[in-house]
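Database features, via TrEMBL:
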type     : residues : note
COMPBIAS : 712-728  : compositional bias 'Basic and acidic residues'
COMPBIAS : 729-758  : compositional bias 'Polar residues'
DOMAIN   : 25-122   : domain 'Ig-like'
DOMAIN   : 126-223  : domain 'Ig-like'
DOMAIN   : 227-324  : domain 'Ig-like'
DOMAIN   : 511-607  : domain 'Fibronectin type-III'
REGION   : 710-758  : region 'Disordered'
TRANSMEM : 615-637  : transmembrane segment
Amino acid sequence: MSIWIYPIIHFGCLYLLGMTSITVPVTSVTLTPTSITVTDGQQMNLTCTTSASNPQANITWYKSLDNITSQSTSTTEEVGGLARTISSLQSIVGKEDNGKRIYCRASNTPNQAVTSNLQSINVLFPVTSVTLTPTSITVADGQQMNLTCTTSASNPQANITWYKSFVDITSQSTSTTEEVGGLARTVSSLQSIVGKEDNGKRIYCRASNSPNQAVTSNVQSINVQLPVISVTLTPTSITVTDGQQMNLTCTTSASNPQANITWYMSTVDITSQSTSTTEEVGGLARTISSLQSIVGKEDNGKQINCRASNTPNQAVTSNLQSINVLYKPSIEKRDFMVVNETERVVLTREIASNPLANVSWFDGQELFKSEIAVSTTTFIIEKTRCTDTKNFTLTASNALQRNVTSFAELRVNCGPIPDVRNITLWVDEDNNFAFLTKIIAYPEPRFALLFENGLQPNGIKDSMTMNTVNNFTLYFYKTAVKQTDYGTYNLHINNTFGETTVFINVLMQRKPNKPVISKVSCKLRNAQIQWESSFNGGAIQTFIALATIAQHTVSRSESVCDKGESKIHFTQLQNLQPSTKYVLYIVALNKHGNSSSEKRECKTLDDEASNQIPVIAGSTLGSLGLVAMILFTMLLLQKRYRCVIKLEKRTRGKESPKTEKETHYTTITEQENTERSLYDELTQNRDQYESVLMKGREEGDMKTYEQLQKTKHIDKQLPFDAKKKDNRATGSTTPLHEQPSQGTASEYSEYTNTSFTE
């Protein structure tokens, strides 16, 4: 039994001893290494080791009071039954960590800890640059050169060495250091006396704060200044013809740097007209400046010189020379003159020339006056007229130049004078209409369009265009003419110096007047008929010739286009019977109705007349007649086709008016007679023409085409909405008896304006 009791007691004691823990506090913690020097951007490796303790100690890392334990790792080793803690810190340092203090603390019991030795971090930061200032070194001969080299911030501070063309001149410098964010910046100042022998030498500095590593500054060349002492202008006498080139030269003494030459003409800088070159003289520079300048009469007597300088606030001046300019005539420029109509006017101009000039006055190509060797010239108009608003031409000549030309502008105040006194418009209801009139006046006139009773019409738009300073075009247009728009209008035009009235009659379109047959001629099987057209009623008309027997139509011609009022027309009637009496008519039609001419009787030739011809000849002529008939039929078809095409071309052609060149001042000349060709395609219904023959006044549906020759540029001037339709009112013009410059307003005849509707 004792054998079993002993093991039980032994293992029980061991168990009790294991349940008992003896605390051994940590007494120290050591930071190694004792000196911390790390290059910027590199890793710092530190270790903290505690004394043996129980339980094991925990180590905390600090960098300037900042807990950086997260960057460490810890291990434990047994020492005599106790535990020693070893903590390793791996941390990347930068220049901002330079000088910071690092340490660690260890603790294995509450409220009790030990601190390691404190270490300062020394971060090595290499110098990366050194800058030499100023970047341009210019020093006068014998003066002191002051330069500075400044390094980037580094640790430790950098040393600066100076070189002039590879020769160490550091002894002439002094250095200072300034702190920048815990780093050191080195500033070295160089003061050195330079002479002309230093000109062109290269100077720089080097900085280093670690072995076998240095940075070099920018390299600068030393420019030793030698002042220019003289500059000479050649030639010594200057005579130039107006408009010719003057060639002068200025040459400096040798200097460094090269001198800049500035040219002056009566204190005005003209250097931009010169070019400079440099030549070397004993290591120095001589500047030669050539001036090529075009001179004019205004330069006569002016003084010219040049100045040279190669240092600030110091210059030398050349000899002064006077310019002698020979020049052609020059005519004084003046603003336009304004006078009232009938007043006497004297136009005067000064002529500058050397020698004196011969002068002539012109109106266009007409010579008015000539004078010999004058400096002042005059031209007199005893009694001005409205049409004297123009540019008079003045020419001057001397030995250097002939026919120098200028203009004397005259404007004459006068009341408005229209190119038309009466305008008649034939307008279909619901169509558009437009018309224009030209006015000469100065100053610009005012205008108002009113009914004859003085009331203002509704919906008529207007505009005025200035063609020249005394010539204006008035435009009027209206859309959708109504019954109330028909009647007489008064266009009142006035300015400060007078007034006038243009009368406008707006009439409704109607059927055409009767055409007048002037000649008929019957052959064997056809008849030729000739007639004169009458007024078309204000709308496009066409014609057709009819041959009847007992009021029945037996032949009719193709539709004939109207050539214009009172124009001669011609057509043929085919397929007639020999020895037969026919009644011939001409019918004029437009979209408003039709009118028939007076009847004319005509008898075709007898068969007996043709039988007297030999049979062979008759056969031949018959064949030729058949061919001729076929050709004539084709011609009629082609003519009808051309009629329609011609109308369409004319309608389109008016959309692109010809360009009209006008002089700056114009007077109203005789207005051209304008013929208006009006076309209408006749309906090809046979029964309708028979009805026309029987009743004379029945209306038919016709598609009309209208064409009017407009005054130039009107389509271009009118607003877009006044050009939408092609239905245009008809009209004709009668020119003025005299131009406004040759008569009064009372001498103008009444006529119908070349107006149009759309």
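If you go along the chain as it appears here, the first residue is 1 and each next one adds 1.
Every residue, even glycine, has its Cβ placed from backbone N, Cα and C.
Counting residues of the domain 'Ig-like' (227-324) by DSSP class, helix then strand then coil, yields 6 helix, 62 strand, 30 coil. For the domain 'Ig-like' (126-223), the model gives a mean pLDDT of 91. Secondary structure by DSSP for the domain 'Ig-like' (126-223): 6 helix, 62 strand, 30 coil.
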